[in-house]
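> From TrEMBL, here are the annotated features:
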ACT_SITE  ASP41  active site
ACT_SITE  ASN89  active site, proton acceptor
BINDING   ASP41, GLU228  Mg(2+) binding site
BINDING   42-46, ARG54, HIS58, 86-88, TRP90, ARG92, ARG209, 215-217  substrate binding site
Amino acid sequence: MSSTIDFEPGVTELSTSETLPGQLSEVVRQSLPKHVAIIMDGNGRWAQNKGMPRVIGHKAGVKAVRRIVSVASQLGIESLTLFAFSSENWRRPDKEVTLLMELFFNVLQREIKRLDKNQVKLNIIGDISRFSSRLQSQIIKAQEQTQHNTGLVLNVAANYGGRWDIAQAVQKLAEKVESGEINSSQLTEAAINQHLCMQNQSEVDLMIRTGGDYRISNFILWQAAYAELVFTETLWPDFDEKAFHHSLAIFASRQRRFGLTGSQIEEIQAL
Ligand code: IPE
Ligand code: IPE
Ligand code: MG
C-alpha cells in the first residue's frame with residue numbers, strides 16, 4: 001500500500017503514507033464507508049460560470065473523476081459508483097450527447113491502462129445496448145481487461161436509471177417464473193437484490209451529490225435505501241480530495257440506526 005498511485009501525475013501523485021496522516025482523523029479513517037456513490041453534477045454550470053462551453057465542464061469533470069478514483073483507491077474504499085450519464089440525459093441537445101459519448105469513448109481508451117496498473121476493477125452499469133457498437137466494444141474490452149483486479153471496484157453508471165435497474169431485475173425473475181425455474185412466492189426482496197446491478201458488492205453506505213441540487217435523479221434507488229446522503233454546493237469539477245475528505249467526515253459523524261433507536265445503537269457499540 002505504500003506505492004505511488006499515478007492516476008494523474010503532477011496533480012494526484014500521492015502515496016498512502018504521505019496522504020493519510022493529518023488529513024483524515026483516526027475517527028474518520030475507522031469509519032470509512034465501504035461503498036460510496038456519487039452524482040457528479042454541475043459540470044455545465046462550472047463551465048458556463050467561466051464563460052466557456054459546457055463541454056469544457058465535462059472535460060474538467062473527467063479530471064475530478066481521476067482525482068477521486070485515486071483518493072478512494074488509496075483509502076481502501078471497496079466500491080465507488082459514479083453517475084456519468086443517466087437514462088434521462090438522452091434528452092439533452094444532440095450536440096452535447098454526441099460530445100459526451102465521444103468523451104466517454106476517449107476516456108475509456110486512454111485511462112484503462114492506468115486503472116489496470118492501479119488494480120482498479122472497472123464495471124459499467126446501465127443499459128449499454130443503446131450505445132454505438134464501437135462504444136459497446138470499448139466498454140466490454142475495458143471491463144475484461146480489469147476484471148481480475150483486486151483493488152477498488154469502480155462502477156460507472158452509463159445510460160443508467162434506478163427504475164430501469166429494478167425493472168430489468170424483475171424481468172429476469174419473471175422469466176424464471178415463466179420457465180418454471182422458480183415460483184412467484186420466490187420473487188422476494190432478496191431475489192430482486194440478487195438480480196440488480198452491483199449485487200455482489202457491499203450496500204451503498206454514502207451517496208454524495210455535488211452541484212447544489214437536493215434530489216436523486218433516478219440514480220440507485222434500491223441500493224441507496226439506507227445510504228447516508230451528503231449534498232454539497234461544490235460543482236463536480238471543483239470536487240477535490242479536501243471536499244471528498246469533508247464528505248467522509250460528515251459520514252463518520254452520522255449515527256446509522258437502521259430502524260433501531262439511538263440508545264439501542266449505543267448499547268450495541270458498547271459490547
Ligand atoms: C453532470 O453535469 C454531468 C452529466 C449529467 C453528464 P451537468 O452537465 O448536469 O451540469 P449542470 O448541472 O448542467 O451544471
Ligand atoms: C444527474 O444529473 C445525472 C448525472 C450526474 C449523470 P442531471 O444534471 O442530469 O440531473 P437533473 O436532471 O438536473 O436532475
Ligand atoms: Mg446537472
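Note: Cβ is positioned from N, Cα and C throughout, glycine not excepted.
Could you place the listed features in the three-dimensional structure?
Mapped onto three states, the DSSP output places ASP41 (active site) in coil. With a cut-off of 8 Å between CB atoms and residues at least 6 apart in sequence, the same chain places ARG209, THR210, GLY211, GLY212, ASP213, SER217, LEU235, TRP236 near ASP41 (active site), listed in sequence order.
The C-beta environment of ASN89 (active site, proton acceptor), restricted to residues of the same chain at least 6 apart in sequence and closer than 8 Å, consists of VAL97, LEU100.
Under the DSSP three-state reduction, SER87 (substrate binding site) is assigned to coil, being neither helix nor strand.
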> From the Cα of GLU228 (Mg(2+) binding site) across to the Cα of ILE216 (substrate binding site), what is the distance in angstrom?
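For ILE216 (substrate binding site) versus GLU228 (Mg(2+) binding site), the Cα atoms are 12 Å apart.
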> Just jot down the residues in the same chain as GLY44 (substrate binding site), at least 6 apart in sequence, with C-beta under 8 A of its C-beta; none if empty.
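Result: ARG54, GLY57, HIS58.
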